[in-house]
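The disulfide bond annotation in Swiss-Prot covers C28-C52, C32-C48 and rests on similarity to another entry. Look at Swiss-Prot and you will find 28-52 tagged as motif 'Twin CX3C motif'.
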Amino acid sequence: MAAQMSESDQIKQFKEFLGTYNKLTENCFLDCVKDFTTREVKAEEMTCSEHCLQKYLKMTQRISMRFQEYHIQQNEALAAKAGLLGQPR
């Protein structure tokens, strides 16, 4: 059975999510929206925003994969080292 997150951990995780969301929104807005003469979102702004979001998601996924690979390598190295230390000479 999966362990439940405490309420404080859930709040912390949600705050981190909101911080990330707000930063992403601000960065993409500043990069993509240049014309404030109309209330409508222009096609170029929409396309730019979509590309900005896609790029961020791909970057996040790639970083996560690299982070997992790094931890697997570290665990394998520790296991190999422990195996060598545990063997009689």
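Heads up, the Cβ atoms here are built off N, Cα and C, so glycines get one too.
Predicted, not measured: the structure shown is a model, and the values here were computed from it.
Confidence across the motif 'Twin CX3C motif' (28-52), taken as the mean pLDDT and rounded to a whole number, stands at 96. Within the same chain, the residues at least 6 positions away from C28 (disulfide bond) whose Cβ sits under 8 Å from its Cβ are C48, S49, C52, L53, Y56, listed in sequence order. In the three-state DSSP assignment, the secondary structure recorded for C32 (disulfide bond) is helix.
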